[in-house]
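Asker: This is the feature table in Swiss-Prot:
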- 17, 18, 19, 20, 21, 22, 23, 24: ATP binding site (BINDING)
């Protein structure tokens, strides 16, 4: 893109991840040749009734079409609340915003069967906000034979690369994923070529299982500060059983989700371990996340010198310490920090990425990295719902 590209302007990005606790939003200004400038951020939580409906839709059931449509409407309403909060805090009107990039809520991800489903009523969202909505980013990559995930590596390469060191950006959301940014890149300001050696894929479960277990036993939505895990001790026999999962042995490109790593998967793995105290299981689930991420980094980025964490797991110091320990145990001399050290608060990274993907859509520029997803080539991602 040239400086002063007509796609330049203010964009909103909304992301509700596999933790399903709510939607994160950012208002950001993109200009060709400059780093993104965040104007405001917001978080809007989901009511328990909506969370329950979304969890239920992840498993086959009766009357799914009706339940899916109603949940999509409810999501659009919450997304609109987040947008209105961004407008208020940034001092903007809808006419000031070029477009809103919204991920939607993943309820099924089956790229091997040729589809992925991110729930949202984008038409309703456009009506409620009077902002152009760009949605459905993953399906074009899947149509081109890709995994449809992860989609954030192109954004990571633009913002977090370094000319001097190999970096890994690790998202610890419901599912963990990594982006490997080889040395020689660098924060590039939109409009510059991406580093074609960027790689990335999903590693395995993160908060999806950690949150599910603490909610089951403490009736809390997440393990605040990792305190529940800190009370326990890792059970190495259980950890070995959890690691005995074919997905962990698959080669990249690969992606996963709650379709695989859910409460049923965990309960099946826990058969024979009923004697363990709940806090010991929690400690072991935390170790599982650290081990699977560290294994993938050791396998694909042995020269990594820094791991920058984003997502909800960035607020869990016990998990971050476990990751640092797991990396060292595999012979990696890599510091672990959050993306705040690079100037981007960890809770903003994914919503920023989807604002950036909306910007790419308006520029009719590719949003995927085909070497990451396995797609036949780079594609313009998303579909437009005009205001």
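In case you wondered, yes, glycine gets a Cβ from its N, Cα and C as well.
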Asker: Which ones in the same chain are close to residue 18 (ATP binding site), with CB under 8 Å and 6+ residues apart in sequence?
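Answerer: When sequence neighbours closer than 6 are ignored, residue 18 (ATP binding site) has 106, 173, 174, 175, 207, 208, 257, 258 within Cβ distance under 8 Å.
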Asker: So what sits near residue 22 (ATP binding site) in its own chain, CB-to-CB under 8 Å and at least six residues off in sequence?
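Answerer: Spatial neighbours, sequence-distant, of residue 22 (ATP binding site): 16, 43, 44, 45, 46, 78.
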Asker: With an 8 Å cut-off on Cβ-Cβ distance and a minimum sequence separation of at least 6, pull the same-chain contacts of residue 19 (ATP binding site), or say none.
Answerer: 173, 174, 207, 208, 211, 222, 312
Asker: Just jot down the residues in the same chain as residue 23 (ATP binding site), at least 6 apart in sequence, with C-beta under 8 A of its C-beta; none if empty.
Answerer: 14, 15, 16, 43, 44, 46, 78, 79, 82
Asker: Might you list, by sequence position, any residue in that chain lying six or more from residue 17 (ATP binding site) with a Cβ less than 8 Å away from its Cβ?
Answerer: 103, 173, 174, 311, 312, 350
Asker: Around residue 21 (ATP binding site), how many other C-beta atoms are within 10 angstroms of its C-beta?
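Answerer: Residue 21 (ATP binding site): 18 neighbouring Cβ atoms within 10 Å.
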Asker: Which residues in the same chain, at least 6 apart in sequence, have a Cβ under 8 Å from the Cβ of residue 24 (ATP binding site)?
Answerer: 14, 15, 16, 41, 42, 43, 82, 347, 348, 350, 351
